[in-house]
Structures are given as structure tokens and as C-alpha cells.
């Protein structure tokens, strides 16, 4: 194995977020309010199963332990189950997760688990069916809830649920969410709304700091847990009276980037050192043949020397991120 991926600030990278499509069938207000529009960058289409196999093999050799498949909506790819199986071929990768809108969860989750999937994140921004419809543009609330139930039925011990925290939309619904997870092993993760190139007006209107929820959770006796090295950025809280957990993802908080442990590869094969970074490093020309792995690993390692200390979101920098489907959120 090559040496562990480490940047100039001594941060080690165990976690790859791999986008496999930027297509999505939902129209969430904070991401794709006008629906998916092809960007014109699909010169070769999205990464193939073989290309995904090669890029994840290289990252595994460089110390990656966890791969999250993202989009867009990953399950819209007809070969999604094959993609899971291809990533699973790497023994060094202990966790394979997906972030999904839950649209096909009920139908396909058993097949995904059989292929090697170990973790599921489902986006649910409201537990009110009408508000869910208003946020996503899809009247699929009951279908998504059935999908979460199906995940438990096929053997997943925990499901993570992502909720984008929005002022005057869902920030006042904490009690409703807590009731939902009291007897369910769901890690409910409130994610602060982030400003993107296309979402500045929405950000100004609806952003609220996750510190508001953190203060309330601590007041109610919730306990902050320690992070593991391949965990995502959430601050996780537990309570003895609840089967579920609460996670808070607060990218505007001081020192948020100090524990960064993840890199991103886009659906067209570009390595992004930060969700809000500039440009990206092309890897696709080194994904054509198995004999290119050493050169691929060298390019990834060299690129990491350019990773900045912080995302500079607090300075109103949004980089090239037009919307969160662009490189997988």
C-alpha cells in the first residue's frame, strides 16, 4: 500500500465522496429548484463501472476506508447495484454508503445490501407530507418513509437522515423530529444551509446557525459523542431516552475544517479537494486501464499538497459550486 493520504496541515484522509451522476429527479429548493439541467460537461458521460472500480482501488491503496456514493440521485443509474459491488471488491474499504432521496429505496434496498452497501443516508427535510412536497417538488413522502422502513427490514441497524436546516421552514420542528427518532435507530443530521453560486438569495432568507439547536439539545440533556476517524463532519449527540441520535453539520463554525478527512471525485472524474474549492484535478485520463494505477495514485497524492486550510465560506466564498448536485454535496 502507498502512504496514507495526508495534506500540508497533517490532516489524514480516510473518506471518499464519489459522485456517480449529477442527475436528480427531485427539485429541492436549496439545490435544484428548477430541476436538473444538463451542464454540457458530459464529454464521455458519467464514470463507468470500470472507471469507478479503478478510482476506488487507487483510493483504497492510499488509505481510504470509507466510500460514499452520491449524486445527483445515485439510484437513477441502472448499474447502481453493479457500482456498489465494484467498490466492495476493495477489502480495505470497510464502509460503502449512499446518500439518496429515497425514491427507489423500498424497491431496491435489499439488492443494494446484498451487493455490499453498509450505510444509507436519506434526505428528508420535513415530516409533514405537504411541506415535503413543497420542498422537493415531488409528492413522494410516504414512498420515502416506506423506503426507510424497508432498510431496517433488510437488516440495516441504523439509517442516517439528512435534514437541511432552514429558518421559517423546519427549524421550529425539533420536537416533531425528536418524537420520530425516540424509538427508531435513526441518526437525524441537521445540516446548515450553505451558500452556493445559485442560492445566495435563499441563503440570506433561510440560513440559521446549527448552534441554536445545539444549545437546545444540551439544555435537554443530550450528550456530545466523540468522532471516529472515518466519520463525516457531524457533531453527534445521544440521549439515554432515545434510540436515535442527532447530528449537527455546521460548516460556518470556527475550526470546522480542522478535522476534514474527506475528498471528492465528481461524476466526470475530477478530484475536488473541497466542496467549495476552485477547479478540480482531472483523473479520468488515468482511469482507462488497470496499468495506470501507480500514476493515478501519484496524481492524487500530488494534488493533496494544494488543499487549503479552510473553505473560506465565512468570507462569502462559494468557489465553483453552482449547486450541491454539481460535485455531490
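Note: Cβ is positioned from N, Cα and C throughout, glycine not excepted.
Of the residues 99, 136, 291, Swiss-Prot places 99 in the same GTP site as 17, 68, 160, 262, 263, 264. The Cβ neighbour count for residue 68 (GTP binding site), using a 10 Å radius and every protein chain shown, is 22. Cβ-based neighbour count (10 Å, all protein chains) for residue 257 ([4Fe-4S] cluster 2 binding site) stands at 19. Counted within 10 Å of its Cβ, the other Cβ atoms near residue 99 (GTP binding site) come to 22, all protein chains included. Considering only the binding-site residues 24, 30, 68, the residue whose Cα is spatially closest to the Cα of residue 257 ([4Fe-4S] cluster 2 binding site) is 68. Mean model confidence of the domain 'Radical SAM core' (8-234) amounts to 92 (pLDDT, 0 to 100 scale). Around the Cβ of residue 30 (S-adenosyl-L-methionine binding site), the number of neighbouring Cβ atoms within 10 Å comes to 21. Distances between the Cα of residue 17 (GTP binding site) and those of the binding-site residues 24, 30, 72 are shortest for 72.
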